[in-house]
Amino acid sequence: MSTQYDSDSSPAASNSGSADPALAELAQQWQSLADQVRHHREVYYYGNPEISDAEFDALLTRLQEFENSHPEAVTGPSPTTEVAPSPPESSPFRNVDHQEPMLSLDNVFDTEQLSSWLDRTPAKTYLTELKIDGASINLLYRNGVLELALTRGDGTTGEDITHNARTLSDIPARLQPSEDFPVPEIVEIRGEVFIRVEDFAKMNAQRQAEGQKMFANPRNAAAGAMRQKDPAETARRPLRLICHGIGAREGFTPASQHAAYEALAAWGLPVSPYTKQVHSAKEVLEQVAYWADHRHDADHEMDGLVIKVDDTESQQRLGTTSRAPRWAIAYKYPPEEARTRLHDIRLGIGRTGRATPYAVMEPKYVAGSTVTMATLHNPSEAHRKGVRLGDEIMIRKAGEVIPEVLGPVEDARNGAEREFLFSSLCPECGTPLAPARGDDADWRCPNTRYCPGQLHTRLTYIAGRGAFDIDALGEKAAYDLIHSGVLPDETGLFSLTEEDLRRTDAYTTKSGALNKQGETLLTTLAAAKEVDLWRVIVALSIRHVGPTAAKALANHYGSIPDVAAADVETMSTVDGVGPIIAESVRDWFAVSWHQEIVDAWAAAGVRMEQDVTEQPSADAAGSIQADLLAGLSIVVTGTLEDFDRSSAKEAIESRGGKATGSVSKKTDYLVAGAKAGSKLTKAEELGIPVLDEAGFHKLLSEGPGKGDAEED
C-alpha cells in the first residue's frame, strides 16, 4: 500500500555506480528515510499506525535535518514537502479533488522553537486552539446543502466518504441561515472527526463484553469508522466533529479566523469551546504552559496546541508552503501514550502487603521521561487486558502519574507471544498470596511483619518527609538494612548503633569504617526522636491515617497510649477523623507486634506525647462524616498555611470528596492560597466558587453551603 518512488530514475542514482560512491551512499540513506516516512504516514492516515506519533515526528525531523545537511542527496520528490499519502488505487472510495488544497501544519516541539516562529510571525492577535487527535475531514456545502465529504488524502485529492459523514449528528445536511453570516454559495469546511474520551471507554467496554477486538485509541477508531464500506457501521460509533477552518468559498470573506468560527457556529456547525484569542507572544506561551497542565480537562484527546495568526489579510500575506500555511504552527506536547515491547511481568509488594503486577518493558520516552516499567494494577486487571510476554503494548503516562499498560497491539502478534501465569506465592518471602476479603481484586501477602518487601516500603515511608524525615535512609539503604539482617522489622530502628551499621554496605567504607552517610543516619535518628507527635502517628503506617488525621488525633488525645485506648465511637467524633479512620486505628493497635513497635520506640527515646490542644465537645458527635463532601470535586491551588498538597488532598478524600489537579466545568470548589495563578483565573471565568483558607476549614468541618466564599 505504501507509495514508492523509483530512485533508479534519478540523476544521483544513475551516477551511483561511477564517479561518487559517497554521494550514492547518501542518496540511499535519503531514500530509506523517505520510504519509511511515507510508509508510516500512509498506515497512520488509514487508522493502522505501527509507531507512535512521537516516533513518527522524530523520523520526519530526522529526514528534514538530513535534507538540510545533504541537499545533493535528495533524488526525487520528498515527503517533507507532501501533506499526506495519495488515496490508494485499490480504495473502495471515489477519489475527488478538493476545491482548495487541504494543507497540514508544521510542528514545533519546545518553547524555543515556538518563540522563534512567533518572532518571525508577529501579529496583533493570535488564536490558540487544541490540536484534536482525530481524523481530518473536508465538507463541501453548495447553497447551504452538503454535497461532498472528503478525507484529507494527499491534500489535493481525498476519498469520498459522504455516505459515512451523513451518519454524524454533528454534520448538518443543510446549513442554518443567519442574518449576521449569510450562507455562501460554496464553502469548504475543514474539521476533525473524533471520539470523546468518555465515549471511547464505554464503546470499548461494550466491544469487550460482546467479544469484539478493542480499539487501541480513539484516533484509530475514528479514522477507521470514516472509511467503513457500510455507513451503518460508521453510525454505530460515537463520532463527533469539531470544525477548525474554511477552504474554498464564494460569497463569504471573514475578516479573521475568529470571525470564521463565529460564522460556522451560526450555521449550526460545532466549533471548539477551547479556542482563545490572545494578543501577544507572551500570552501564547502562557496558553502552551496552561494546556500542558490541563490536557485532561478537554473531553477529547489532544496532542498539541495550534497557534494561528487571526487576521485574514495577514494570513494571505504570509501565504503557504507546499504542505502547510506559514501563518499557523502546531506546538506538540510530549506524548502521553507510546508503543513498546513487554519483556516480563513481575509482582511488587507494597507497604500494606498488596501485590501489584507491573510490566518490564523496552525503555520508552513518554510524557517527558523514559520509562521501563508500568503498572498492571492487579492480577484481575492484567488478565482482563490480555497482555502476553513478548507483546507490543500501548502504555500511558500523564505527568507524574505512574505509567500504566493500556493493552496489547493485537495486530502486531506473530505467534511467539506467551501467556503469563501469576505465582500464588509472595515474590519477597514465599508466603501464599490471598485476597484480604472474598470480593477483593487485590492479592496480599499476609506476612505483614517480616515480609522484606513490605518492610522495605514501610521503612522508606517512615523516613519520608511526611513522617520522621530521616536523611540517609533511602530505598537502597533500607534494602541493605533489611537484607543484611540488621533490621528484621522497624522495631529496632531507633536503637541502631554504629556497630549495627558497620554490618551493612550502605553505611561503611571499603575498609569497614562508618562512612559519612552512616554518621548522618545516626544524627538524624537522634533528632527524629523529638518530632511532633502527629509525625510519629503517621510513621506507624496505620491505614487511612495521613498527616491531617494524625494531627487531629495528636491534638485531641495528646499521646500514643491515649490514642490506643480510645474507643471507636468517641474517636469518630474527633474533627478530622470519622468512623472509617477510627476503626482503622482500633484495628492497628489490636495487633500485638504493632504495640511492640510503639514500646521499642518509646524505650529508645521517641517522644510519644504532647500537650492536648483540642478538647471534645458534646456538639462534636457526628460532626465529621466520611461522606461530608461526597460527590464534590475540589481543586486546591497556591500556598496554604495549614496544609501542604498531600494533607489537603487527604482532608478532602477522607470526607468523601475528590481532590483533582485541574479546574473544569465539573469542579465544585477551588481553594486558593497565595500565588494561586491560572487555576484561579479559570475558576473565576467558569463561575466556580472560590474559597480562601478559612473557607476551606469551614468546608471541611461543616460541609457545602457553609464554607462558601461570601459574595459582595
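Backbone N, Cα and C define each Cβ position, glycine as well.
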Handout entry: Stretch carrying region 'Disordered' according to Swiss-Prot (options 1-23, 162-184, 369-391, 484-506)
Key = 1-23
Handout entry: Spatial neighbours of Asp57 (NAD(+) binding site) that are distant in sequence (at least 6 apart) but have CB under 8 A
Key = Asn107, Phe109, Lys332
Exercise for the section: Looking only at C-alpha atoms, tell me how far Leu105 (NAD(+) binding site) is from Cys429 (Zn(2+) binding site), rounded to the nearest Å. Expected result: 56
Completion exercise
Rounding to whole Å, the Cα atoms of Cys445 (Zn(2+) binding site) and Lys131 (active site, N6-AMP-lysine intermediate) are apart by 46
Problem - Secondary-structure category, per DSSP, in which Glu55 (NAD(+) binding site) falls - result: helix
Handout entry: Candidate recorded positions Glu55, Lys131, Arg152, Lys308, pick with smallest Cα gap to Cys451 (Zn(2+) binding site)
Key = Glu55
Practice task
Find, among the binding-site residues listed as Leu105, Cys451, the one whose Cβ has the highest number of other Cβ atoms within 10 Å in the structure shown.
Solution key: Cys451
